[in-house]
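Here is the structure we will look at, set down as structure tokens.
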Amino acid sequence: MKNSQSDNTDQSFVPPVLPTYARADVAFVRGEGVYAYDAQDNRYLDFGSGIGVNNLGFCHPALVKALTEQAGKIWHTSNLYRIEGQERLAERLTRECFADSMFFTNSGAEAMECAIKMARKFHDDNGDPDRFRIITFEGCFHGRTLATIAAAGSEKLIKGFGPMPDGFDHVPFYKDMSKVEEHITEETAAILIEPVQGEGGIRPVSRENLEILRKLCDKHGILLMFDEVQCGMGRTGKLFAYQHSAIKPDILATAKGIGGGFPLGACMATDRVAQCMKAGTHGSTYGGNPLAMAVGNAVLDVVLADGFMEHVDQMSYELRKALVKLGSSYPDVIDVVRGKGLMLGLKLHTPVPDFVGTALKNGLMLVGAADNTVRLLPPLIVTEEQVEEAIGLLDKTCTDLKKALDAKKADSDTGD
Ligand SMILES: *Cc1c(COP(=O)(O)O)cnc(C)c1O
């Protein structure tokens, strides 16, 4: 029998769910399109998409149908057998991007782990086992496993979890990426970058800089790896964000939007790189199981349909325009608007938790990020009316924060 109370002399009781998140005190019980509802039927407008995951909103009819139909057939078989949904999804994705082959995972971090392993194995297979180091950028985020926190290297992620796996070189998020060349050595295997940094505060890498990185990789015989876990799958108005540029990566990890809320990720590579991953080199029990594949294929049907990306572009244009206007109305609250497609950020003058908390009270779900930035990641199916509704709620949020700021200022003016 557990005897936690009498054993626990310091009176710090840990709740049954490990408290690794500072959660808002709201629980949603159902969702429909861009709206989520709590048990009291209060309605919230979702401009966070479960951190860029629910790209088609809640309970998209095509996804519900795909999942429930598959649930009545077969859930799980393991990767010891062929999975037709994987073959279909992989074939379709290879037609839409640089990749020739891919490995399915359950999450973004797992897709990144596969990417890191593949970069090392590629050089090992080519007789260059000393090339194992990967260059990563200040502000990046690649997941929460040991290798992916080591890849990011920030104090916030790694403190207390050492020793870190070796093999990552952290460099500044340069305005001019040609400076990365200074950090390339005989041991460098790859450069890893998010074409749009998500957690780092919605910081896009320019098309020119992506092209510079490609040139550097070619010159030094190293691999270019993109983490499109957040910015991929239509989020920026292209299936993958790198497709705004003229270049291609060697390896790309994606997740979040690819499963529309069902846990799914993928690590993709070119033929040249993928050749190093033979039977037995990597695996996952659940990765790409029939349920995930049914949903993944259904997500792709919607995202690849005619006019979908044009819709994302159109909504992005409307939202961005309105945000810039909002920024000029509340210069004390909003510093700048940035981002790409429907991956937009507001860099603030006020604390992000205040902004996100006030917005939630007003019925709008948002997501914080680093660099004092709040993320707007609405479902890609958002309509113009819903963009207007969000702007109304953001306006109210800014008014509330401005009032609080003014009250504080008045306080300190007349204070002791
Ligand atoms: C969310 C995220 C990850 C990690 O994905 P998980 O599914 O949480 O493991 C990795 N990279 C980027 C860019 C992300 O946004």
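Including glycine, each Cβ sits where the backbone N, Cα and C put it.
Taken from TrEMBL, the feature pyridoxal 5'-phosphate binding site covers G108, A109, F141, D227, E228, V229, Q230, T285. Within the same chain, the residues at least 6 positions away from T285 (pyridoxal 5'-phosphate binding site) whose Cβ sits under 8 Å from its Cβ are S78, N79, listed in sequence order.
Taken from TrEMBL, the feature N(2)-acetyl-L-ornithine binding site applies to R144, S284. All protein chains considered, the CB of S284 (N(2)-acetyl-L-ornithine binding site) has 18 other CB atoms within 10 Å. When secondary structure is read from DSSP and collapsed to three states, S284 (N(2)-acetyl-L-ornithine binding site) falls in the coil class.
Per TrEMBL, N6-(pyridoxal phosphate)lysine is recorded for K256. Classification of K256 (N6-(pyridoxal phosphate)lysine) by DSSP places it within a helix. Cβ contacts within 10 Å of K256 (N6-(pyridoxal phosphate)lysine), excluding its own Cβ and spanning all protein chains shown: 29.
Considering only the recorded positions R144, K256, S284, the residue whose Cα is spatially closest to the Cα of G108 (pyridoxal 5'-phosphate binding site) is K256. Cβ neighbour count for F141 (pyridoxal 5'-phosphate binding site) (all protein chains, 10 Å cutoff from its Cβ): 25. According to DSSP, G108 (pyridoxal 5'-phosphate binding site) sits within a helical segment. Ligand 1 lies within reach of none of the binding-site residues E228, S284, T285, judged by a C-beta closer than 6 angstroms to any of its atoms.
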